[in-house]
Amino acid sequence: MKQAGFPLGILLLFWVSYVTDFSLVLLIKGGALSGTDTYQSLVNKTFGFPGYILLSVLQFLYPFIVDPENVFIGRHFIIGLSTVTFTLPLSLYRNIAKLGKVSLISTGLTTLILGIVMARAISLGPHVPKTEDAWVFAKPNAIQAVGVMSFAFICHHNSFLVYSSLEEPTVAKWSRLIHMSIVISVFICIFFATCGYLTFTGFTQGDLFENYCRNDDLVTFGRFCYGVTVILTYPMECFVTREVIANVFFGGNLSSVFHIVVTVMVITVATLVSLLIDCLGIVLELNGVLCATPLIFIIPSACYLKLSEEPRTHSDKIMSYVMLPIGAAVMVFGFVMAITNPQDCTHGQEMFYCFPDNFSLTNTSESHIQQTTQLSIVNISIFQ
């Protein structure tokens with residue numbers, strides 16, 4: 001919302017969710033047309049070995065793209081402990097269906113976190129000054145917003161794993177499941193984005209929890225819940241990365257020993273990444289434009305167009321022809337904008353409105369220049 005503009009941001013969320021829904025169904029249709037049961041084998045059969053390598057790289061890099069300029073920060077004990085205690089054991093499962101109940105818990109916690117964000121929109125929102133351009137229809141950074149939204153909806157890389165875990169998997173059953181899941185997801189995203197943006201407007205950080213004050217016990221509980229959802233969700237990402245390694249280097253099968261070794265290696269690298277980074281915004285943007293965008297917009301459309309024998313006027317083909325250039329544009333321009341104009345990041349510093357002496361800034365009638373000057377003074381005093 002901050003990057004795209006509030007009204008345009010709502011429209012883009014609906015659009016990205018629709019494209020995600022369409023491309024997920026398209027992906028399984030492509031698998032049915034080609035007689036394949038993994039994303040990699042689909043691309044390999046459609047575009048040969050070069051396409052197979054490209055997709056493998058995208059799927060493998062998805063959990064690991066970071067900002068190389070961040071310094072090592074001191075959260076390693078808690079992250080290491082939670083990784084060894086929870087993330088690693090869950091990631092060692094061979095059957096993704098066993099994570100179903102874990103994913104349900106994660107979904108429940110997400111709903112609880114949403115309730116906390118909505119409550120603080122009411123109680124904290126009036127005390128946070130609104131930026132001058134808070135309600136404009138559109139902003140020039142909308143392409144970056146599409147990248148972040150793509151990151152939020154990306155699940156194509158593990159779609160075949162989930163599809164194969166269904167009882168009696170069919171395209172029709174998969175389509176019903178995807179339609180229901182996307183509808184629920186888009187409304188959760190809209191409520192999160194709207195409540196967060198209405199509370200903080202132009203001060204919104206890449207990680208929404210960075211906006212809240214440290215002495216807020218309710219939000220601290222929300223942070224804990226969010227950490228648990230990450231712990232419970234990451235094993236599904238590990239499944240995909242491990243599958244890529246198994247397919248590329250081990251012919252698709254891992255012995256028990258190599259299964260453990262590869263899992264430990266993937267989790268170790270991911271843990272090191274989480275220790276080295278303290279800005280979520282740049283991760284969302286780069287991952288969104290470099291990995292999520294081609295996995296959502298480009299590759300499913302390209303595979304379907306090459307495999308399908310439907311006429312060019314067929315609705316699926318028309319939509320695929322539209323998605324291809326849009327995905328390419330978002331990927332190229334989004335990457336350039338993410339590098340040249342990254343999101344703001346507090347690097348752990350509390351926001352100015354968390355200090356009682358600064359609540360005078362809530363006067364929304366101030367001019368933009370006066371507010372900017374006061375905020376600069378506040379920021380200087382905070383760092384001092």
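Placement of Cβ uses the backbone N, Cα and C atoms for every residue, glycine included.
Those TrEMBL annotations? Automatic predictions, nothing curated.
For the ranges 102-122, 207-227, the feature annotated in TrEMBL as transmembrane segment maps to 102-122. Tertiary proximity for the transmembrane segment (142-166) is limited to same-chain residues at least six positions away from its ends with a CB under 8 Å from its CB atoms, namely 1, 3-5, 8-9, 12-13, 16-17, 20, 23-24, 27-28, 31, 37-39, 42, 58-59, 62, 95-97, 100, 173-174, 177, 182, 185, 189, 236-237, 239-240, 243, 281, 284-289, 291-293, 295-297, 299-300, 329-330, 333-334, 337-338, 341, 343. Across the candidate stretches 6-28, 178-200, 319-339, the maximum count of CB pairs under 8 A to the transmembrane segment (289-307) is reached by 319-339.
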